[in-house]
Amino acid sequence: MIKIGAHMKISKGFKKVPPDTANIGGNTFQIFTSSPRVWKVNPPKESDVEGFKNAMNEFNINFEDVLVHSSYLINLASPKDDIREKSINAMIEEIKATDQLGIHHYNFHPGSHLGEGEEFGISKILEGLDTIFKEVQNTKVTILLENVAQKGSNIGYSMEQLGRIINNSPWKERLGITYDTCHGFDSNYDIRKKEEVQRLLDEIDKYIGLNKLKMIHLNDSKYDVGAAKDRHEFIGKGYIGKEGFKTFLSFDEISKLPLILETPGDDPEHSQDIKVVKEIFKELGKL
């Protein structure tokens, strides 16, 4: 069974997300819990939570398969104390909102050290996660670190870096990863080639554990491998291409996971991308 969906808007209310997902041919999705461009996190109202959970059941969407994405402002690796504090507080509130909605996975970008160095950044990420988990340990939420593009002072572009964070955390059992195909392509994981997909899986298994790979952000890339531009493209229209995704999705370790589109456009474009992914699954004999 294919698990496919897209990042969905919550502007019409949480309860509209499941039917909107079904309308584009999806059975999973990703959302923000509040505006991703402000620090303030508004907890969902009880009526919104009830409406959302009812809609999830009505449209047979599994709570395990959907994802909340953190706000854009969060940077646990920042050298600025106030930014780290705001990031920690925002993540705590977003994770509480995730738990209220009954969603089990929360995704964030590890952060950028802004010139202070990788070791500094990783140490601050670990400190931040420790503070966060102490506040949300009674929730059922797993925090997923997303691999990022290898650009600037980003931390988390390699599986080794992600593994150093996860394996050095006392909360290791509550951590996992999301793999973003565009970010990985930017960081020289050329998933158009079977041997490169195998290298990726081997690195995940070596440094993190394949059981911790929970979600896929399925995005094509506007630029060629190693460009470090982080520009997403429609599935099959970028440098990874339809054949590249066919290679990537031929691996059962990947195709069994929820596939979340963060491609350009809105519902009509996401609907088209979902059709392309389903075509790939049919060609692979998986649908």
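The backbone N, Cα and C atoms fix where each Cβ goes, glycine too.
Remember, it's a predicted structure, so these values are computed and weren't measured experimentally.
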Query raised in the report: Taking GLU135, GLU146, GLU160 as the options, which does TrEMBL list with HIS69, HIS109 at the Zn(2+) 1 site?
Result: GLU146
Query raised in the report: Looking at TrEMBL, ASP230, HIS232 are annotated for Zn(2+) 3. Which of HIS113, HIS183 sits in that same site?
Result: HIS183
Report summary line: Which of ASP81, ASP82, ASP99, ASP180 shares the Zn(2+) 2 site with GLU146, HIS217, GLU262 in TrEMBL? The record says ASP180
Query raised in the report: Near GLU146 (Zn(2+) 1 binding site), how many other Cβ atoms are within 10 Å of its Cβ?
Result: 20
Requested in this report: Do me a favour and check the Cα-Cα span between GLU146 (Zn(2+) 1 binding site) and ASP180 (Zn(2+) 2 binding site); whole Å is fine.
Outcome: 7
Query raised in the report: For the Zn(2+) 2 site given as GLU146, ASP180, HIS217, GLU262, which other residues of the same chain have their Cβ within 8 Å of the site's Cβ centre?
Result: ASN107, ASN147, THR178, TYR179, THR181, CYS182, HIS183, ILE216, ASN219, ILE260
Report summary line: Those binding-site residues from HIS69, HIS109, GLU262 that fall inside 10 A of HIS232 (Zn(2+) 3 binding site) by CA distance are GLU262
